[in-house]
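Here the structure comes first, spelled out in structure tokens, and everything after it is commentary.
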4 protein chains.
Amino acid sequence: MSNSTNDRKIEHIRVIEEDPDTDRQGDHFASWHLMHRALPEIDYAEVDPGVSFLGKRLSFPLLISSMTGGDHELVLRVNRNLAQAAEATGVAMGVGSQRVMFTHPESCNSFALRQWAPTTVLLGNLGAVQLNYGFGLEEAQSAINIMQADGLFLHLNPLQEAVQPEGDRNFKGLAAKIAALQAELTTPLILKEVGCGMTPADIELGLAAGIRYFDLAGSGGTSWSRIEHHRRGRGDLGLRMQDWGIPTPVALDWARPYQERATFIASGGLRNGLDMIKSVILGGSLCGLAAPLLKPAMESAEAVIAVIEGVKQEFTTAMFLLGVTRVEQLHLNDALLWRR
Amino acid sequence: MSNSTNDRKIEHIRVIEEDPDTDRQGDHFASWHLMHRALPEIDYAEVDPGVSFLGKRLSFPLLISSMTGGDHELVLRVNRNLAQAAEATGVAMGVGSQRVMFTHPESCNSFALRQWAPTTVLLGNLGAVQLNYGFGLEEAQSAINIMQADGLFLHLNPLQEAVQPEGDRNFKGLAAKIAALQAELTTPLILKEVGCGMTPADIELGLAAGIRYFDLAGSGGTSWSRIEHHRRGRGDLGLRMQDWGIPTPVALDWARPYQERATFIASGGLRNGLDMIKSVILGGSLCGLAAPLLKPAMESAEAVIAVIEGVKQEFTTAMFLLGVTRVEQLHLNDALLWRR
Amino acid sequence: MSNSTNDRKIEHIRVIEEDPDTDRQGDHFASWHLMHRALPEIDYAEVDPGVSFLGKRLSFPLLISSMTGGDHELVLRVNRNLAQAAEATGVAMGVGSQRVMFTHPESCNSFALRQWAPTTVLLGNLGAVQLNYGFGLEEAQSAINIMQADGLFLHLNPLQEAVQPEGDRNFKGLAAKIAALQAELTTPLILKEVGCGMTPADIELGLAAGIRYFDLAGSGGTSWSRIEHHRRGRGDLGLRMQDWGIPTPVALDWARPYQERATFIASGGLRNGLDMIKSVILGGSLCGLAAPLLKPAMESAEAVIAVIEGVKQEFTTAMFLLGVTRVEQLHLNDALLWRR
Amino acid sequence: MSNSTNDRKIEHIRVIEEDPDTDRQGDHFASWHLMHRALPEIDYAEVDPGVSFLGKRLSFPLLISSMTGGDHELVLRVNRNLAQAAEATGVAMGVGSQRVMFTHPESCNSFALRQWAPTTVLLGNLGAVQLNYGFGLEEAQSAINIMQADGLFLHLNPLQEAVQPEGDRNFKGLAAKIAALQAELTTPLILKEVGCGMTPADIELGLAAGIRYFDLAGSGGTSWSRIEHHRRGRGDLGLRMQDWGIPTPVALDWARPYQERATFIASGGLRNGLDMIKSVILGGSLCGLAAPLLKPAMESAEAVIAVIEGVKQEFTTAMFLLGVTRVEQLHLNDALLWRR
Ligand SMILES: Cc1cc2nc3c(=O)[nH]c(=O)nc-3n(C[C@H](O)[C@H](O)[C@@H](O)COP(=O)(O)O)c2cc1C
Ligand SMILES: Cc1cc2nc3c(=O)[nH]c(=O)nc-3n(C[C@H](O)[C@H](O)[C@@H](O)COP(=O)(O)O)c2cc1C
Ligand SMILES: Cc1cc2nc3c(=O)[nH]c(=O)nc-3n(C[C@H](O)[C@H](O)[C@@H](O)COP(=O)(O)O)c2cc1C
Ligand SMILES: Cc1cc2nc3c(=O)[nH]c(=O)nc-3n(C[C@H](O)[C@H](O)[C@@H](O)COP(=O)(O)O)c2cc1C
């Protein structure tokens, strides 16, 4: 099993490369429109898309979403390129699941990213369900330590586990274990889905467990059900379930009542600066992109930077056209969106 | 005529094989969405999709819908394969119309399925309109006896009869005859359509007649109008009427006010475990599939079992992701569905 | 000009033959659905689709809509075939504009249809706008007399006249002239459009003028704007305006408040018995079809009869499935229709 | 830079010629329908589509929208053809940005259009943002003088400037400068967008600045973001933003509350007389078309006249069918429109 945990990440990348439909292209943001200002009454040069997150300043509210890690040349390269780009562009970066660290100690190199990203926000990642399979404070702390992480994602992936032949599917009593873990840690935990979205009942459980950060990671983009379908080999379960979940803008909308009690990250199917700006208006404090950054990350840090700069320019241009100079003016500002 | 009743079933199967559009693929369940839980707080291993129906336990709420019967090698094989699969997987099974028994006594073999399915729910089938053409208690009791059936479907197929050149079209006074029949039988009757759905006025007539079980059998799947069109040879009536009827989820929705007084089976266009779970939430106690099981049934019991296991896995996975361990928690639980 | 009036009808037929898109196939009835009855509790044999119109009995509420007339072998044949078929099937028939009678007396033959249709409803036809161009009581009475007509259509075709290079476009003061004409005639006038529909303001003018019959003739079927485009030769006006107007079911819906004061004919885009039955439920007392009968009418009376019988069978089957035996039960019976 | 201002216009024309998708064909007017009158009770000959604008009479409410100007043979020709056609058909004409006059004095010829259009409405054009880059009363007055213009468009194009590499992006404090300029000029200023629409906040700023004329210039037609994308060479910003903005009919709808305080021009994606008539009903006093007139303008004045006559005929026919003889009867007359 330990080996499979390490190899799985490479398999995932290959599947994504070969089957473009693992990105579901739900385009769920298309039904929200932005309110143009012909007379924005601001100077583009004054538009500042910067935000603070976990006490650090980011150049704009982008998170390179959790993707990979492990003991493979490709994975090392991807993570280094992403970390260098994150530092260069001033955005946050998450890593893929660090579970592999505990079976393949050599994989630690792929997570030791502070050398490449000394100042920006770095976020660790473990599967929440592992708390039911022997993981606890020690593993969480190690995962944080190796990255000198500013926060630790605990991902919730019940669909992926259900489709994986080798899936860990006991999600019982997790909320209590998450509460216990957060109580013992000084670093904040961030609960995240991986592409099916979180719903009000989930958020309420998280809040009761002392969680203050949620990455809604909704449907419309990367489908883990479809990815695992290819690894599974038999049956249609993964295809049948490939679009299961709550589209990201819908999940944001439903999270509205909890905005005073928690900070939300929007991810899942965001593909450009316009999706990002809609996400921020709908209540996202940070916007995660994963799949669109994978291919450039396999190439070079420069390639990642180029994509990020393009997205940033879209985001900044949209701010300009909305007539706002600060991201705070976007957040939950319904007057900036309209629907037919 | 007696011969045609026996041959007709073979003709139907051939038409379905040759014209894939007899399955209308209405996909009417697509506008209902399921409420994902990122933190289901249950163990997949504890999810029990089992239900009780007519006093017996089923492994999950699947009914192999009424399809066939008669004196033909193919028909014998199909029914045996279905019965063995029903027993092996613990699901209910209905047979096609047993009217042929009374013209072709040799066809009884195709209904003597208790040998292959000793413990599960078996359901007989007669056309309700035959009550206006000489059938009565005796035929109903024979139909039940030969199968040691747990219940007897009385199918209502006015559209099919109208399109059939040889159709029996006097549907007058049927409600009273159904009431009389149910009064004399100890086995429950189940009123069913065959792909056009039942509407509130129909349910009210049925309730007044003492019926407590309804299979709504709505539109979106197998179209008998289109099937009979091919047998008819001339005119476009069958094509024109091919999409007539109430889509299954709509029929379920309209049946809501009668849930306390009756048990509903959902069928017509259900194609997988997700359609099934939506049907149960909308008020179905059992979910019928016909056309998707026909081809595997022509092959082997194993082929049928494989399809059923796949559907069951989809159903179970969906329960897991909804955070429910018992089917009772699904039934009429509106909080689990959402629409745009 | 006189010649062009006679030749125009032939040109129209040629255009319709060559350009199938003159039938706009708007399918506007598709958003209305019919309420199926699984237990109709009637005998198909008792379903009587017959209606009365202008004091005569029709076998079902079909009108062969006004199409043609003139001094041409083809036109003579078409009208004779239609008249024979109308008589044979017991439906109403209208003729095309009789204006040509007054410039080409030989064309009278094409309107002398009582010989072929001694008992059924026959309806004459003149353009209302001709009342502004010299026509009056005398012409109206002649048009009625030659047909021994039961009623006289006055068609309103402002779009067609606007697109025709030679169009008569003075529609001023028509309401008063229509009122005067109806006052002098014993035969009822029927105001009709030719494919753009009538709106409440039109109906109110007609009612005030003493008219009690309206053929709404809405959009979705034959487009006179597109037909005249082909005859026009230059400019795009006819194409641009080809879908102008009110879809027939919408026009019926809007006519609802006037149902107690007038009788409405539904036409324009009706293509089968299901469109007809929806039209009757929405308030039509008679249903007109034109284009679908043109091609068979060029062939033979038998061909027309075959089409009519098919439509009648659809209509009767729908009545059966709605559980009604009389057309009166359909009229304005909202419970028989549903929309999503 | 001065050279680029002159050449840019030619580049724009080439891009539009080569990439038909710079016209976004949003067809946003399609969801509004017009109320047909079968009995219009008017004479087509009495329909007068004429309107007054800025004290002059136009044959119908068409504006040839601002397009071009500069020191190029092609540009000279285009403007002369447009001016001659405007005069011949009695419609208003705007010119493209006159900024080039101040860097390339020879370009003045292209704006000296009174010789070709002595009597009709001519409108000058400058970018409002230039008020932040040194322009003021002097330039505005020169722009007006050379054309003997009846009004001066100040265009607002923040998206175009943001996509242009050389864009002028300081839109701060513009409202105050616009107010000052209008206070000093006797000629009215008309604030206009260039294809993204104006929203209520913009209109309120304009009203406060003393502006009484607005050209909403919404999305759905010419996309400057896409045009500039081709000139930009790198990155996807221009494509990503190509459909940004408020569709013209939506912008008109939102401008409704300001109708008593200002006069609105509708432009952006209008393509024929039906779009125009809907625009007038929705509150437009004048209707601008740009892209559809570019190609004919490169040919001849006659070609432009032919297009304008066609559009006028569509507009007039629609008035006839709505039963109105005067454009005032259209303006804000909601009873003439319907939506599904
Ligand atoms: C290649 C790849 C690997 C991923 N691996 C992880 C992971 O290990 N842990 C995790 O929490 N999410 C993982 N994700 C999911 C993303 O972090 C995120 O939740 C998802 O919503 C991003 O969506 P997008 O790809 O549609 O932008 C991965 C995504 C991709 C594309
Ligand atoms: C091949 C075939 C034969 C059928 N024969 C019968 C029958 O004899 N009696 C009956 O009540 N329904 C019959 N049905 C209809 C189904 O039992 C059921 O009502 C229908 O809704 C199943 O829909 P589906 O095929 O879309 O799953 C038949 C269906 C098929 C596909
Ligand atoms: C070939 C043809 C000729 C027609 N000629 C006339 C006519 O002379 N007078 C008239 O009132 N309507 C005429 N109509 C219009 C129809 O009578 C009717 O109003 C129209 O709504 C029928 O629509 P449909 O073709 O979509 O069924 C004609 C229609 C067709 C197809
Ligand atoms: C070739 C071309 C050049 C244009 N140049 C200008 C310009 O210089 N100034 C301006 O205000 N608008 C300019 N426009 C925009 C139009 O005036 C108008 O605002 C736009 O809404 C017309 O839309 P349409 O092309 O979709 O009809 C131009 C449009 C085109 C097609």
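Yeah, the Cβs are placed from backbone N, Cα and C, and that goes for glycine too.
Going by what TrEMBL states, the FMN site holds B:Ser65, B:Ser66, B:Met67, B:Thr68, B:Ser97, B:Lys192, B:Thr222, B:Gly269, B:Leu270, B:Arg271, B:Ala290, B:Ala291, and the candidate of B:Asn81, B:Asn125, B:Asn157, B:Asn170 recorded there is B:Asn125. Counting other CB atoms no more than 10 Å from each candidate's CB, the binding-site residues B:Lys9, B:Arg99, B:Lys192 peak at B:Lys192. A simple Cβ count within 10 Å picks out one of the binding-site residues B:Met67, B:Ala291 as the most packed, and that one is B:Met67. Annotation for B:Ser97 (substrate binding site): spatial neighbours B:Ser66, B:Gly69, B:Asn125, B:Leu126, B:Gly127, B:His155, criterion Cβ-Cβ under 8 Å with sequence separation of six or more. In this structure, the CA atom of B:Arg271 (FMN binding site) is 25 Å away from the CA atom of B:Arg8 (substrate binding site).
Taking each Cβ in turn and tallying the other Cβ atoms within 10 Å, the top scorer among the binding-site residues B:Ser65, B:Gln98, B:Gln160 is B:Ser65. Of all the binding-site residues in the list B:Arg8, B:Gln98, B:Glu161, the shortest Cα-Cα distance to B:Ser65 (FMN binding site) is found for B:Gln98.
Listed in sequence order, the residues of the same chain lying 6 or more apart from B:Arg8 (substrate binding site) and placing their CB within less than 8 Å of its CB are B:Arg231. Long-range Cβ contacts of B:Glu161 (Mg(2+) binding site) within its own chain (separation 6+, distance under 8 Å): B:Val129, B:Gly167, B:Asp168, B:Arg169, B:Phe171.
Reduced to three states, the DSSP call for B:Lys192 (FMN binding site) is strand. Under the three-state DSSP scheme, B:Gly269 (FMN binding site) falls in the coil class. Note: the Cα of B:Gln98 (substrate binding site) and the Cα of B:Met67 (FMN binding site) are spaced 10 Å from each other.
Per the record's binding annotation for FMN, residues B:Ser65, B:Ser66, B:Met67, B:Thr68, B:Ser97, B:Asn125, B:Lys192, B:Thr222, B:Gly269, B:Leu270, B:Arg271, B:Ala290, B:Ala291 show a top Cα-Cα distance of 22 Å. Here B:Ala291 (FMN binding site) is compared against the binding-site residues B:Lys9, B:Arg99, B:Gln160, and the shortest C-alpha distance is to B:Lys9.
Among the binding-site residues listed (B:Met67, B:Lys192, B:Gly269), B:Met67 has its Cα nearest to the Cα of B:Arg99 (substrate binding site).
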